[in-house]
Amino acid sequence: MSQPGIPASGGSSTGLQAQNGAASASGSPYTNGPVQNALMSSQVSVSQGYNSQLPGSYPHLIPAKTLNPVSGQSNSGGSQTVSPLSNYQGPGQALYGPPVASHPVTPSLHSGPSPQMPLPTSQNPAATPMPSGSFLPGASVSSPSNWQYNYLSQTNHCPRASSQPTMTGNTNLMSPQYVSSGDSSLQNNIIKSGSALPLVNPPLPTTFQPGAPLGPPPTGGPPPVRALTPQKLTPRTMPQPSFNSTSNQEGIISNTNNGSMVVHNNYDEIEGGGFLATSQPTTKNPTMSRSVGYSYPSLPPGYQNTAPPSTTGAGLPPSSLNYPSGPQAFTQTPLGANHLTSSMSGLSLHPEGLRVINLLQERNMLPSTPLQPPVPNLHEDIQKLNCNPELFRCTLTSIPQTQALLNKAKLPLGLLLHPFKDLVQLPVVTSSTIVRCRSCRTYINPFVSFLDQRRWKCNLCYRVNDVPEEFMYNPLTRVYGEPHRRPEVQNATIEFMAPSEYMLRPPQPPVYLFVFDVSHNAIETGYLNSVCQSLLDNLDLLPGNTRTKIGFITFDSTIHFYSLQEGLSQPQMLIVSDIEDVFIPMPENLLVNLNESKELVQDLLKTLPQMFTKTLETQSALGPALQAAFKLMSPTGGRMSVFQTQLPTLGVGALKPREEPNQRSSAKEIHLTPSTDFYKKLALDCSGQQVAVDLFLLSGQYSDLASLGCISRYSAGSVYYYPSYHHQHNPIQVQKLEKELQRYLTRKIGFEAVMRIRCTKGLSIHTFHGNFFVRSTDLLSLPNVNPDAGYAVQMSVEESLTDTQLVSFQSALLYTSSKGERRIRVHTLCLPVVSTLNEVFLGADVQAISGLLANMAVDRSVTASLSDARDALVNAVIDSLSAYRSSALSNQQPGLMVPFSLRLFPLFVLALLKQKSFQTGTNARLDERIFAMCQVKNQPLVYLMLTTHPSLYRVDNLSDEGAISINDRTIPQPPILQLSVEKLSRDGAFLMDAGSVLMLWVGRNCGQNFLSQVLGVENYALIPQTMTDLPELDTPESARTIAFISWLREQRPFYPILYVIRDESPMKANFLQNMVEDRTESALSYYEFLLHIQQQVNK
């Protein structure tokens, strides 16, 4: 029988909030119906205030990750302890206390000769200090290990090429971090069209102990997710309820204290933390035979995200819509455990997954199409309902039974989330009853089990719950008595319209405040013209409704406010020169209703760029301006967009230059940590008042982004960086700013959000990565959520999962849409539990592992040093491959033997070592390195991997063979090439997609056809040195090339600039710098790196 939708065990923290925009009530409890398993990229409706058109697909099918500053005073932040409410925590902080299914960890890091990253173990980590240099705070582990596993690893030495110092010291990248959530996507009817979904494993018959107050023994088949075994939930292990009731909501209340607002934990209560006073008996889960492989439906090249073919029109009444029939009725024969076992006996794992590869002999392992995530080894009926890996992804798709087994594998266990991703199809439920577990507060999901029509068992804590009367009726089929066919139980990603008990106050209106630097340096760059024009062009597209408010502040050595009160003939400037004691003049006229004062707003935007053209003021009072903006927004909350062009020089928050160009390569001398805690403290105040701060830094000089970035990191904001911005001297940056502003201003947004991740009893979350503040042990505060933000979490196995066959993770994002609706977006992921090392390696997701390690390495760079982080990355490869060689390989062979799943692990780690965040040498300016680290912490995984390991294509011979079709466009799909000059030829043209930049290298002997039909020049010498756009020519070659580049650019958080590079162009050095497999001035080639790894593994 089908299993209703209780949230799967908490996994990665992903924003589960629904997209902005009210759902249109159509008389049925549900609005816009979902399309079966179509939870990929989505298009957002114009009515929601977002961009009406979203890109059709990502070039890679990986959840992206957003940039997150690290906790503490560092930009990339180290872990911090979570303390009482008053003490805020930011990304990359360790959680302390009794979180739901969380594991306490010790954040202290001891520096030492051999830095390591221990993984958390089942014992109390607080009792055991972490090994020196370890990334992961947590319990001590007996065996040596990497930062990934929360245990110590042995020292390894890695020789470096040329000037590169040798990599010594054992480093582990396992440190706690917190994840934040993203914005919601387009809502769709929960009504689906298409064929019925296959039956999910029904629950096994359960025998109840005498006296159990839960009624007669249930009948039916085995639960699809978990076997029914009685397990006692102790206060230590039981997850706490988190979302329901007024006392359990995902919201935050602010009270006044000493003149400022203080955040209280009420949102924690709304989301649901804590258990009911009355204990409820739970039943044991009989062991169920292991489910076997089902693979995701194949996706077109380039991970095309398109809606399923037969999407039913939203205008049709529920009765006329064809929702896939879920599990069979209870009267039918259930799919029991015996049936499952026999049906799976003939299945076997794909032989390719068991291949052992010698990387020294098989070096060309990079696939020619985008790398797809591994498919969990689950029964087909369960896998069909699983969460899309673009939204929710685990580093290990087979969860080890014990922490000892995880430690033995020496691979990091964690989740990567893209919770608020734009979706084409999103089921939205408008029912007044949200069904949740009464004990752990998990939302009903496809992986719960129905004992009968009146009771369901939670797949996270195993409590048996009653099915509410309203849940018995299925509005899609208009049939009573089919709770297992409800949308909540048929969709791993779903959005709920939250009732009043999920609100601590009326939903806040959309409030947008813009803070502009108007000093002489700022006016010289000319940025104000571009920003004001972009605002004018997109004013009507700002997400919101009739309550939308807007305001403006400018500053140099003083602060300027602008009264936009309705009835004024023109905006009035109010100047506050006392920056030591900032006050708000006429606060009621500074944030005004956009609809009522639109003409005044437009007048101000047209005149602002000219108002300061003759200014001679060179000072910058950024700190006081931020304080003023915070005071202005405190009563309502909202989004603050700050534009800064230089180092702050006046008042609180003033900074001094710290960069020394000659010491850029000195890992111990570079300043990756903040020089003041002012910006972090202010960010925490902002978070408490539901204010997020987005920073746009446009500067040609050092501006201490390590310090300034804290204002966004801890308030769940974003950082945008435009080095050497100038409207005349650097026009390409002007184009980039305008494109990114257009997306920034019009994308959907969620306000006053909180996110919580739950997981099956026995697993615990100990570290979050991303831009947010950890309000209480496991509740992430997100004043704003957006669809371009990614998050990651680290986990450990706290209790043995021996009696558990399946585990689940569930993230819940509660937020207010731009239309003023309170919504909850829930993602649930189900994975199998395994008992052998081979199975753990078989299910390893190398991209997710690399993304999590990158986040941990950023923290290590800040808390220890850049060299420690680099060593830890190398040791991550050495330790895992050593574990495989010693424990999983039946016979020892010469060479570097790796399991097929990890064949790209050394390549991706080498790419990380050469990425701007971690590379050595004097090429990278300090602010550029810090910004790269911000991107690692805040970008979804798909973009992080593109930035780390770019995709290289040959484009002078594009054809329609193998092309995909998106919205009547034909998109060529050239094969992906290895990043080595061996793959280049002077008679071709090669395009490199590095995420935030595109580079088109044209060989000196490139064919005349490409030059004339695509570039529009007669010969090679006529290619402009500064060409950044391709001409739109009326030729098939031009159309194919432009279509391919446009497709790559779609739906990127950052607009990728295109550089056309001639063979002798200065930009060629940047192009070759991304050739990861080749030797550079300070890094080994891929083959040399493999030899080093082999030497260490064979020791």
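Glycine is no exception: its Cβ is also placed from the backbone N, Cα and C atoms.
It is 279-317, from the ranges 201-239, 279-317, that Swiss-Prot records as region 'Disordered'.
It is 437-461, from the ranges 412-436, 437-461, 562-586, 687-711, that Swiss-Prot records as region 'Zinc finger-like'. Fewest Cβ neighbours within 10 Å among the binding-site residues Cys440, Cys461: that distinction goes to Cys461. With helix defined as DSSP H, G or I and strand as E or B, the region 'Zinc finger-like' (437-461) counts 0 helix, 11 strand, 14 coil. Averaged across the region 'Zinc finger-like' (437-461), pLDDT for the predicted model comes to 96.
Looking at Cys437, Cys458, the binding-site residues in this record, the fewest other C-beta atoms within 10 angstroms of the C-beta turn up around Cys437.
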